[in-house]
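The structure appears right after this line, and notes come after that.
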Amino acid sequence: MYAPSRKDFILLTLSDEDSGGYNNGKQWRRQSCWRKWKQLSRLQRSLILFFFAMLLICGIVMYPKCSRLTTTLLSVYSLVPFVCVRVCVCVYVWHVLEQRKPHPNKQSSPVLQGRQQNVKDRETNVFCTSQSPLRYWANLQPALKRGPAPKVCMWSVSGGLVDWPEAVKEAFRHAWKGYREFAWGHDELKPISKSYGEWFGLGLTLIDALDTMWIMGLKEEFEEARKWVATELSFFRNVDVNLFETTIRILGGLLSTYHLTGDSLFLDKAKDIGSRLMPAFSTPSKIPYSDVNIGKGVAHPPRWTSDSTVAEVASIQLEFRELSRLTQDPQYQKAVDEVMKIVHRLDGKHDGLVPLFINTNSGQFTHRGVFTLGARADSYYEYLLKQWIQGGKKEKELLEDYLQAVEGVKKNLLRKTLSHGLTFVGELSHGRFNPKMDHLVCFLPGTLALGAYNGLPPNHMELATQLMETCYQMYKQMETGLSPEIAHFNLQPHSVRNVEVKSADRHNLLRPETVESLFYMYRFTGDQRYRDWGWEIFQSFNKHTRVPSGGYTSIGNVRDPTNPSPRDKMESFFLAETLKYLYLLFSDDQELISLDKYVFNTEAHPLPIWPSDP
């Protein structure tokens, strides 16, 4: 059966048969123009003749002197053949392009008939250029001189007929095209304004995307990026960087790329940035500061507080531990292990759940009484499990903290909507439950499934299945098919809508957490519905966030499909995580980043599971 793939794009170009060959001389042009002239409607022909008459009148008015009238008429007359030829060509191109459009009452070509037969009774979407045919033709001519015509329309069909991994690769190329043209070497792409934004000034998107390109087999793009890393990337800069973000994106990205490629360039760069981040740990409590100047070697807390978030200080362990293993320098692992030991024995937890902030001077939790699996705490729970897996399942304290936290979630944060029975994870604020769930919490189904796969209680997988359905519904119930940043769940009986969204929470930042969990769920269960859900989400990204000139943009309103309010920003994690997890979800190669050999950091950079001691 015919299975359309990424190569089966419909090209709006002129075929040899349509053109008839432009090398047959003036006779063909005269016959062609006359034939096309006869095919025009009466109104079209009248407009063209009216245009010619206006040319004559204008000539007479502009040159009233009789002595110059003859010259004027001759000049106007000399323009007629030129105008006629241009009009005929334009009409001809318009006609051919109109003929290419599908028509319900017209017999299509055998190839298109085959496609239509294969996709009959299936949901089909077409992504096409928004240009008019004449403007498209004008833009196409230079491309034809360079080589093959560009892809214009893509048929995407649910049910597995499309080559889904190739579609994701095409999306990556499109995003990379925007970054390469408008933001090369800078941190983030602003795709709508065709510019860039800086955070640290370290080429954040480029480094974050290195291992994604390698995994997708985009070797040409990878080699160009590698050259930039070798020649342009320098960490000797007077700039403050965030310890957590730099660790998971830059250090993690360099370590992962080193392991995948074996290229020592990336390990050398990882050693450089790792050593420059170490001053952050020079605090009275050994709880690291949030910010460090990598040029001066000076670290400090944010200006407004002396606290760090728990997620920041407890989600850097995978990377620093691996750096110690590779360099045989224990200082990196010693520093981050000390943080986990402090957090392990601290008072202020609630059934294994931790507060959001920890003071760098006292080493104690602050702002106690608020517990969430969303922002400022999420990856703490993720890294408890993943450190245990990374180290060969030997560190019992990490496993104990993780298992206790899962039970704390079940006891304190888990609820179901009464109308449709959606299971969700809310928040606890000083004893009061809030049915608020960040999109960030959608990492949890995948983490629970990973734990169950590694021998933890089977009921973790049952909970993962329930939460995965909820995270999908956060997309499904929105008019754009994209999840909001924060959802509020309706606990009233007989409610029509389960998911409510406040106006301040309607944005979508191209986040990866749901497709991340879909990847884990499909890897462990083989259930096709997880792939189908991922494909739906991918199509919604294409429909509402794709920018024609290159790149994808975050949007401000997932409830308005006609005007989703683009925000003109493509986060680096869209390339590092979202598209990577979608590609792995759709890939049939189960050994592509095997979960028996690798553990992903919280930025989707795979790091090896340490070999067991003989």
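For all residues, glycine too, the Cβ spot is worked out from N, Cα and C.
Taken straight from TrEMBL:
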ACT_SITE  Glu245  active site, proton donor
ACT_SITE  Asp378  active site
ACT_SITE  Glu485  active site, proton donor
ACT_SITE  Glu513  active site
BINDING   Thr602  Ca(2+) binding site
DISULFID  Cys442-Cys471  disulfide bond
TRANSMEM  46-64  transmembrane segment
Can you tell me how many other Cβ atoms are located within 10 Å of the Cβ belonging to Cys471 (disulfide bond)? 29
Candidates Glu245, Asp378, Cys442, Cys471, Glu485 (recorded positions); nearest Cα to Glu513 (active site) turns out to be Cys442
Pick out which of the active-site residues Glu245, Glu485, Glu513 has the most other Cβ atoms within 10 Å of its own Cβ. Glu513
Hey, of Glu245, Asp378, Cys442, Cys471, Thr602, which of those recorded positions are within 10 Å of Glu485 (active site, proton donor), Cα to Cα? none
Give me the CA-CA distance between Cys442 (disulfide bond) and the residue listed as 'Ca(2+) binding site', in Å, as a whole number. 13
Most Cβ neighbours within 10 Å, among the recorded positions Asp378, Cys442, Thr602, goes to Cys442
Quick check for the class: what is the C-alpha distance, in angstrom and rounded, between Glu245 (active site, proton donor) and Thr602 (Ca(2+) binding site)? 10
To the nearest Å, how far is the Cα of Asp378 (active site) from the Cα of Cys471 (disulfide bond)? 15
Expressed in Å to no decimal places, the gap between the Cα atoms of Cys471 (disulfide bond) and the residue listed as 'Ca(2+) binding site' is 18
